[in-house]
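Input: a single structure, listed below in structure tokens.
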Amino acid sequence: MEARVVSLTFSCLFVCRPVEQLPTITAQSPSSLIAFPFDESFPMTCEAKGNPEPEFRWTKNGQEFDPFLDPRLMKEEDSGTFVIPNNGNLTVYQGIYRCYASNRLGTAISKEIEFIVPHVPKFPKETLDPVEVEEGQAFVLQCNPPQGIPPLQIYWMTISLQHIEQDERVSMGLNGDLYFSHAVEKDSRRDYCCFAAFPRIRTIVQKTAMSVIVKTTNAILQRRPSLLMPSGVKTETLLVKGEDLKLECIAEGFPTPQVEWVKMGHQLPSKAKVENHGKLLIVPRVEQEDSGKYMCKAKNTLGEAVHYFPVTVEEPPEWVSEPESQLSMIGSNVLIKCSASGTPQPIITWRMNGVPLQEAPAANRKVLDDTVLLRNAQSSDSAVYQCEASNRHGTLLSNANIMIMSKSDNVPPMVLTSEGEEYSAVDGKAVLMHCKVFSSPPSMITCKDDSSESVEGPRVTVHDNGSLEIYRVEKEDAGQYTCLAKNTEGSAAIDATLNVKDPTRIAVPPENLQILKGTTAELSCLAEYDKSFSNDFELLWEKDDMEISLNYTENSRYFVEDGILQIINVSHGDQGVYTCVARTPVDQDTASALLMVQGELTYEQYFCYEPKDQRPLISNPLARLSFCLSTEFIIEYEESQWEPGNWKELLRVPGNHNSAVLKLHGHVDYCFRVSGVNTLGRGPSSKPTERYKTQPAAPDKNPENIKIEGRLPHEMDINWEPLLPIEHNGPGLEYKVSYKRQDVEEDWKEHMVKRHSFLVKNTPTFVPYEIKIQARNHQGWGPEPKIVIGYSGEDIPSAAPDDVAVEVMNSSVVKVSWTRVHKDKLHGHLGGYRISWWRLRSLVNSKKSHGDKHTLTFPGDRNHAVILGLTPFSEYSLIVMTFNGRGNGPGSHPVNFKTPEGEKNPVFRVAEVQKHSVSLVWDPPLEPNGILTGYLLEYQLGTYLHTTCLYLTNSDVMVIPPLGGYVFSLVFDGVYIPLFTAYTTTHSFDLLCPSLNHLCHFSPLSSSLISPSVPVLLNVSSAVSDRFANISWISGGEHTEFYIAYMKKRKLICFAVRLSDFMLNACQSHRVLFSSGLAREGGGISTQGWFIGLMCAIALLTLIVLIACFVNRNKGGKYSVKEKEDLHPDVESQGMNDDTFCEYSDNDEKPLKGSQHSLSREIKAGDSGDSLVDYGDEDVQFNEDGSFIGEYAGRKEKRVSAEIKATVQTPA
């Protein structure tokens, strides 16, 4: 049976077997889905999991709804989701939907989803009569905005889009109406327009313009206040926790009434704020404690009017405990608990598989308030139980999967905790290692340490959930632990590692310190910790339980170095408790000390306050402060509206001054205090002054930090840092956003906004704009703003790089070049270029096999890049694209290229040595990196002359087809040194590196390897001069023969060294000095008399044959020397001439008698492309192991003789 991955919802259990599972809703649409007109479609999402796979059904307004019956709806396979396209009439789909996911075990239901189709709000077409009012009388202009998707924003403007100025006399209510406390002559106009904006549907509608006629009178009668809004004596207000409380009192009367707010029996909440010229009280994000009775009082010189607002704050349902999914056995009692809080108290209703419990009674089921009890649970009780908590402010729904299993449904243990977890514990502390198990029936859990013994003892507890807790951890507790879970169905185990760390300890704690003001305080703290946390250890300092921020700037007064805290220019404010915190990822230690600051001022301070001007100030409100102390003074202020109780420094005054002129913000209720500073430090502050409220003024600054960005191609989003509340200088702050294209002659476009952002639509893609933002309030405009440059939204590049070319550097590296994309095609800020490539096929065979796609990103403006790590002898394809902040542009036309063949070495070994033959066996390269065409076997046959140096007497070359083995005959007695090479079409590679430690030696006389294993050489070293190289070594055993090889002009030159005890321990040849740490006596075949005689006979016979051939040719006869040489090759003369001495030639040679010919093609030794550099007068280096370091150089056609300085001459 095919395994299926099943997710159990009990604790996110993942079981790799076909375990039956109740349905669980995994994804659903939000409770409100609004069909905005600019959206393409509206998905009604419903996804669920379960085993068997759930089936889905929908209800709409409580009735069955099948989306498959509606051809307009788009459905998804194996899903409950359907999509409503934004075409045609959408109102037919408006309603409340619910999704049901069912299988044979039960049914899960989604929350209710309301699909809302907003209509386009419109003001009714109407003819409005002019509003006629006498001067001094109150009147109201009604807006009556249409209904629409909130939020709703109301603006009163003129036909020319100028805002109607609002103040204490004229203001707009929360309902959008415009209220006039009393009419004045300037109120007469014919273009009062109400605009209603619905930002979520991007719609602004305008009401028919209204006309106001104010009839002038000779005298305006004063009258006491009365409320235009709200009416009556009190207004009951009900809010939901978290909403904003907004209470409004708009009064009429003459003189214009002032509005005050109080909370009966309490102070106003600290977060409360008053807006709209005192007429609007706002308490943001109300809590239960904000409930109570509020009162507004409107008063003028003739009297007052009051209105009461009993405010009640209620709460929507909130879970106290959600029902939990459970897995129980048949016959057990099951409790499903569900409780919620809220005001009023939520009502709990229960469902089973989406059906109310009262409609599906069961004898063993009982509902006790917020709990469902299943007695003696049976398989039929397996279901999805839904708990729904609701009050008038909302509804909560939660599904709980209750699975009642029988013994036949048993499941072997499955450990849910990850394998190989690592835990760190501190010596002496406790540690908890988890082992979460799912099984049926429940498993028996045991824990073992790395000694395979069960972990037990007074310091160890294995909890019911499988977790292992060790108290007072010791160093010996470190190691590997195994959690083993067993039940009747099987077992499972995981391993975890426990690391025990040294505890963090403060070795040198800080000490209490008393210090004078103005000096530098130093507190020392040194800690010890486990060295494995060297990169994670940190030493922090706190003052009065608040961490000290270290910014290391010029103005910083705190510095920490080597555990020492320095406080520069200590003042009274630095006095307190300082705590050193030494912290690692697993523990921490603390130590504290008290810093006492001495030298506090004790003189009295006298403070006088005189307002300079009681008249309203248009700009730069001023106040005068006077002092009676000749020292430095610090003037601080506090304002009551935005940050009450927070004193801020305003100005420092030299000690020889006794007054100061302060620059203040408008429309702020100030309070001041002064403190003195002398050589000992700063003294206590004076008593605060009485409050002084400045008059409103125009803004004295404009917004800063303007940011322009475009999230979409045809939009430009302008954001800025708004003015601080204290910088408003008066009510009615708003911003004028002006913009125009930089590269086009056009007028400034202007918009007035109250928020600190503005979205410009229908812009060209990525063009520069000039932008400026100016602040304005009811008192006037701020200063002329600065112009900033920004760009409209980016779009993806529309062009690909041209002229893409690939230069192959070697078998795994290529260089890619291209022509840069023109800036007009970038449509944004250039991010850089991306190269994507993929392998089409290996050239070893013609089968195409697309490899994974790889991509490299190269930021910045460039026209080339290098790609590394390619596979040799392969065909690739690549494309180049550019990108900007919006995304990738189109890719270039694909460019195909091929990498050349690379280098790989097969494995070569001697399989069997017979008396007259030897078997060579090799494996082909694992990755040929090219077309393997054959192998080249080269060997050297050496013989001994005297006892000091071995000279090469023969050399043969055989071309071998790409088989897996080869046998060749051993003609002469001697030491054979083979060199094996694999060939591809263009390269050859050495299978056996021609260095001393890797040479294979075998002799036909011994029928076995002379050196069956590589001799051990110790302390191999070398010294190189311009005339010779000195190689030294110590033999690791009883060895008397040593072989040295090097390459000269692509030819392998080798020497044999055989030394006796009485001889010098060195021989010199070809300006190379070879020395040995061990010399033994011995004799070779070259010193035997019979061998010398045999050689002389062969030389004489050869001379006679040559003379006979010469005589026969002079007589005109033909002598098939060629054929006879082919049949009877002269081994000695075959590879030797007067130019060579102990050289291994790359020239063409005839194969030995009995050797096989190539089955594929003839590969000349001259084709070899992989050899060592010539040795001679050129510089040659040695590695530390004695081998040569060469360079690759070109071949030479002619052989180059080797100069050998020796006592023995080379035979001709």
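Note that Cβ sites are derived from N, Cα and C of the backbone, with glycine treated the same way.
Any TrEMBL annotation is an automated prediction that lacks curation.
What TrEMBL records for 23-114, 118-211, 225-312, 317-403, 412-499, 503-592 is domain 'Ig-like'. Per TrEMBL, the feature region 'Disordered' maps to 682-706, 1147-1178. For 702-795, 800-902, the entry in TrEMBL reads domain 'Fibronectin type-III'. Taken from TrEMBL, the feature transmembrane segment applies to 1090-1111.
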Open item on the list: Quick check: do the domain 'Ig-like' (317-403) and the domain 'Fibronectin type-III' (702-795) share at least 3 Cβ pairs under 8 Å, counting only pairs 6+ apart in sequence?
Closed with: no
- [ ] State, in range form, which of 225-312, 412-499, 702-795, 800-902 has the highest count of Cβ pairs under 8 Å to the domain 'Ig-like' (118-211).
- [x] 225-312
- [ ] Would you mind splitting the domain 'Ig-like' (317-403) into helix, strand and coil residue counts from DSSP?
- [x] 6 helix, 53 strand, 28 coil
Task: Residues in the domain 'Ig-like' (225-312) grouped by DSSP into helix, strand and remaining coil - done: 3 helix, 52 strand, 33 coil
Task: Structural state census, the domain 'Fibronectin type-III' (800-902) (DSSP three-state) - done: 4 helix, 53 strand, 46 coil
TODO: Could you pull the average pLDDT for the domain 'Ig-like' (317-403)?
DONE: 88
Task: DSSP helix/strand/coil residue counts for the domain 'Ig-like' (23-114) - done: 6 helix, 49 strand, 37 coil
Open item on the list: Counting by DSSP secondary structure, give me helix, strand and coil numbers for the domain 'Ig-like' (118-211).
Closed with: 6 helix, 35 strand, 53 coil
